[in-house]
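TrEMBL annotations:
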type     : residues : note
TRANSMEM : 6-28     : transmembrane segment
DOMAIN   : 30-107   : domain 'Glycoside hydrolase family 29 N-terminal'
Amino acid sequence: MESEVVVGVVDCIVHVILRYMFPIFYLFSYSPTKDTVVTNDRFGHDCKCKHGSYKTCRDRFNPGVLQKFKWENSMTIDKHSWGYRRNSNIEDYLSVHDIISVFASTIRQVE
């Protein structure tokens, strides 16, 4: 009986350590969503294009050829900023044609 209690306590401690100190490991190994969870690699310094379910290599990443890993082409329609700019002009934004061209080019890489 005592050994079962010790094992239970150790399991609890291991669970807490994994969940709070190594959350990515916990997510993919022990969490209730481990079989369906999706993460990108935008967490921490010098992590881009290295970890996660899919990779975020840089803003407006479009390698031009099919990659061996899942990736995203994250971007905004503002050519200069990810944030709100009160002094932006209409010329600072991608046109509808430019946006559709980027989508088409990105999709072409995964076919």
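Glycine is treated like the rest: Cβ placed from N, Cα and C.
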Tally of helix, strand and coil residues over the domain 'Glycoside hydrolase family 29 N-terminal' (30-107) according to DSSP?
15 helix, 4 strand, 59 coil
Looking at the domain 'Glycoside hydrolase family 29 N-terminal' (30-107) alone, can you tell me the average pLDDT?
80
